[in-house]
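Trainee: Got a structure for you, written out below as structure tokens; questions coming shortly.
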Amino acid sequence: MMPTPVILLKEGTDSSQGIPQLVSNISACQVIAEAVRTTLGPRGMDKLIVDGRGKATISNDGATILKLLDVVHPAAKTLVDIAKSQDAEVGDGTTSVTLLAAEFLKQVKPYVEEGLHPQIIIRAFRTATQLAVNKIKEIAVTVKKEDKVEQRKLLEKCAMTALSSKLISQQKAFFAKMVVDAVMMLDDLLQLKMIGIKKVQGGALEESQLVAGVAFKKTFSYAGFEMQPKKYHNPMIALLNVELELKAEKDNAEIRVHTVEDYQAIVDAEWNILYDKLEKIHHSGAKVVLSKLPIGDVATQYFADRDMFCAGRVPEEDLKRTMMACGGSIQTSVNALSSDVLGRCQVFEETQIGGERYNFFTGCPKAKTCTIILRGGAEQFMEETERSLHDAIMIVRRAIKNDSVVAGGGAIEMELSKYLRDYSRTIPGKQQLLIGAYAKALEIIPRQLCDNAGFDATNILNKLRARHAQGGMWYGVDINTEDIADNFEAFVWEPAMVRINALTAASEAACLIVSVDETIKNPRSTVDASPAAGRGRGRGRLH
């Protein structure tokens, strides 16, 4: 008699296990890699992505592209996550890390199909990654921090390598210098949020400028603003979160008055409350008043009469950066405005940049800060420029903290590939095949660089293998001559951290996907499955 089957999972649950689902997961990761494959390197193409709301984004950055893709496959999401983590940790190498993870999986796919146990693959990969990381640390070149000129040269080269694959690669020398200047202005903590990037449409890219201090766009202002001075030396700055404006009652207030005098007394009281606040600000000695909330026309004219400058509705992040740079603290009341809570800077001025007016605070005593003002044409182009600069800034920060570099352009990957191939020949058994597969997967980076530039990849890789076998460990792809070259001599440098991070993240992701032996998808509940488009605010579900 047949035993009764035990039904454990809900009806409609999709469960797949064994080798077929593992192969399916590997194939899904290949599809993700295909999406960013062509963006790698200085001859990489850009992607134009339009989201559900019709907003267009042009980008070459692997992490940005993967964020904008609406990936639903659970295994493929892992690759999106490692690209995001690489972006957050080191800023560059996001496309490389996705390609490496997908290529590791591609190389082990035949072994998986033949039934090799996933744990053997994982063990081999962990060994290979450890060997590769140790090799990078061993051959990386360290630049002495004491020699400031040399260190600066190193940082500029690293920034130029990061920018060479971006839309602004034509101006990479100009922006590399700007990025290094910006990071050098910061204090030892190198806080990323102390570098502000503001975009002003119009003008050429070369008109972009670096301001040693805080700069933000002039806020909306009321009549009387034009009377205020636009430049101060050594002013005191009041940072407020206070509304300086006469407004209608927020709540449904009800006041019963019997005579005109009663009504007048209420009106006078409202004015007196406002004037009382303004007087306290004036007596505090502040010359520049910034508030997160609106500053109305009465207050604007009051300050103008007393040679004071004010700006209301200042964005919170700009107010916080001003506070961190100039000192002082943001006050929610004007009753305790003493010199301790006021900020200071050497010069405050308002200047015209393109069609916009900007407020500048320079010579800030508390924290070193700076602002990059970008100029350019189309909005999408400027957004991509901002993303490119973010990557370059992250790379320069990493290079300052870890001052060892390796050659880019596929050189370090070819050297690691040769090293692991030689190592694999010294060990017996299945590990030999798997470490050999890992070594072959590393060649995807130089191969893809060649493919994206339209070169004959097989020919160039053969030349590279031969040169690395003869001991030319820094030889990589030379995009300009369609040949190979010593990329260390050509100053194609990257911080060693970028490569170490990319290898470990890609290897871990590959191991994670190989170790999954069953995928169970719960059915979507019937309520969720119904079209939710009609539900907005106040239109709940029908019960």
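Heads up, the Cβ atoms here are built off N, Cα and C, so glycines get one too.
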Trainee: Based on Swiss-Prot, name the residue from G41, G44, G328, G343 that is recorded for the same ATP site as G93, S96, R398, G409, R499.
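Mentor: Swiss-Prot names G41 for this ATP site.
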Trainee: Nearest of the recorded positions to R398 (ATP binding site) by CA-CA distance, picking from G41, K67, K320, E494?
Mentor: E494
Trainee: If you count, for each of the binding-site residues D92, E494, the other Cβ atoms lying within 10 Å of its Cβ, which residue has the minimum?
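Mentor: E494, out of the binding-site residues D92, E494, has the fewest neighbouring Cβ atoms within 10 Å.
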Trainee: Could you check what DSSP calls R398 (ATP binding site) once collapsed to helix, strand or coil?
Mentor: helix
Trainee: Do you know offhand how many angstrom separate S96 (ADP binding site) and R499 (ATP binding site) by C-alpha?
Mentor: 9
Trainee: Do you see any of the recorded positions K67, K320, G409, R499 whose C-alpha is within 10 Å of G41 (ADP binding site), and which ones?
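Mentor: G409, listed in sequence order.
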